[in-house]
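Taken straight from Swiss-Prot:
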BINDING   Asp18, Gly43  Mg(2+) 2 binding site
BINDING   Thr22, Ser45  Mg(2+) 1 binding site
BINDING   Cys58, Cys61, Cys73, Cys76  Zn(2+) binding site
DOMAIN    6-203  domain 'tr-type G'
REGION    15-22  region 'G1'
REGION    43-47  region 'G2'
REGION    90-93  region 'G3'
REGION    146-149  region 'G4'
Amino acid sequence: MAASNQSEVNIGMVGHVDHGKTSLTRKLTGVWTDTHSEELKRGISIRLGYADCEIKKCETCDEPECYTVDKKCDACGGKVSTLRKISFVDAPGHETLMATMLSGASLMDGAILVIAASEECPQPQTKEHLMALDALGVEHILIVQNKIDLVSEEAAIENYNQIKEFTKGTVAENAPIIPVSAHHGANLDVLLKAIQEFIPTPERDETLTPKLYVARSFDVNKPGSEIKDLKGGVIGGSIIQGALKVGDDLEIRPGIKVTEGNKTHWVPIVTKIISLGVGGKKLKSAAPGGLIGVGTELDPNLTKSDALSGSLAGLPGTLPETLEKMVIKPQLLERVVGSQDELIIEPLKTNEVLMLNVGTSTTVGVTVSARADKAEIKLKLPVCADKGDRVAISRKIGSRWRLIGYGIIL
């Protein structure tokens, strides 16, 4: 079980740009996840945003009115008890940021697909995000039909029917569809009830060797800080198995690129965990669930501006090898989703350049050999990954990377 300050489950907020993912996250958590200056300017999410909330229940009111994220019951003002703490991963919906969404999907135990009732369904990234969840094995999905305050009842029903048609034959075929107005906070109690019912907390085994997917990394020092006041680099991400505690040594792979003569290789970084935190609260140990900040002894230059995002961290000597070549068993989709004309997907070809997402890392590779059941890919940036891990595969079509399927590392 995660420490009491920790979230138990990570839920992705996915969907087409501007359909209300960030607004819905804010309504549930009180946190506006677009805090990056460029995001505020452009009004879209660029990096992964994180925010936590507690689902609470009033003991006296009937369902669904009894569910809330507030300190008191919304219906009667009475006492509430906490059922579960959850973390939202707010993924960008813009097509040029698909790689960021794919790296976020590896952290998700379940997902909420946000679809605006005010637009035709499906929009390109609605399709692409659903395919990504399918490809990366995210099975517990809820659909939020947002912006119902902007349409008539007839239009909302027509949009609902479009959603049903669109999800047929996908991982979300039987997903509940919940009409919501994030702007007015309407029907959030119904959504909270559905999260409790349809997105379970995964069973975690804390005795396994710990592994942490690094999604962000920071230099938390302010410019002009005194040397004695400088803090070590901070990494942020999700523990996917096992548990880490303050004082543990930590190995981070692939690590640092070292060039000697005309040869380049990667050296893992080893450091010590100085602090663990979640949502501003300190922890002595951390288990799977939620998004954890890990304070280290690293030079902040190594962690600034997400320099270590995409890494895998764990106890020294326990991580898988760093791969500069990858052999995968590909499973390709039938058609390209997310583009206007849905082209048939051709098999992988030798010397083709592909974008690959494994864990939270994004890399580009060239296929050295390609058969229907096996492809070998030489990576531009190495990754640290295990046999059996899923890899999302994207191909450049026109000027954009498009998801074409996934592979299993052999």
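Heads up, the Cβ atoms here are built off N, Cα and C, so glycines get one too.
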Rounded Cα-Cα span from Cys73 (Zn(2+) binding site) to Thr22 (Mg(2+) 1 binding site), Å: 24
Cβ contacts under 8 Å made by the region 'G4' (146-149) with residues that lie 6+ beyond its boundaries: 19-20, 23-24, 114-118, 156, 179-184, 186-187
Cβ within 8 Å of the mean position of the Cβ atoms of Cys58, Cys61, Cys73, Cys76: remaining residues of the chain near Zn(2+): Glu59, Thr60, Glu65, Cys66, Thr68, Lys72, Asp74, Ala75, Gly77, Gly78, Val80
Pairwise Cα distance for Cys58 (Zn(2+) binding site)/Asp18 (Mg(2+) 2 binding site) [Å, integer]: 33
DSSP-assigned states of the region 'G1' (15-22) in counts, ordered helix, strand, coil: 2 helix, 1 strand, 5 coil
Least Cβ-crowded entry, counting other Cβ within 10 Å, from the binding-site residues listed as Asp18, Thr22, Cys58, Cys76: Cys76
Between Cys76 (Zn(2+) binding site) and Asp18 (Mg(2+) 2 binding site), the C-alpha gap once rounded to whole angstrom: 34
Surrounding CB atoms that lie within 10 Å of the CB of Cys73 (Zn(2+) binding site), all protein chains: 21
Residues in the region 'G4' (146-149) grouped by DSSP into helix, strand and remaining coil: 2 helix, 1 strand, 1 coil
Pairwise CA distance, Cys73 (Zn(2+) binding site) versus Asp18 (Mg(2+) 2 binding site), rounded so that it is a whole Å: 30
Rounded to the nearest Å - Cα separation of Cys61 (Zn(2+) binding site) and Asp18 (Mg(2+) 2 binding site): 34
Where Cys61 (Zn(2+) binding site) falls in three-state DSSP terms: coil
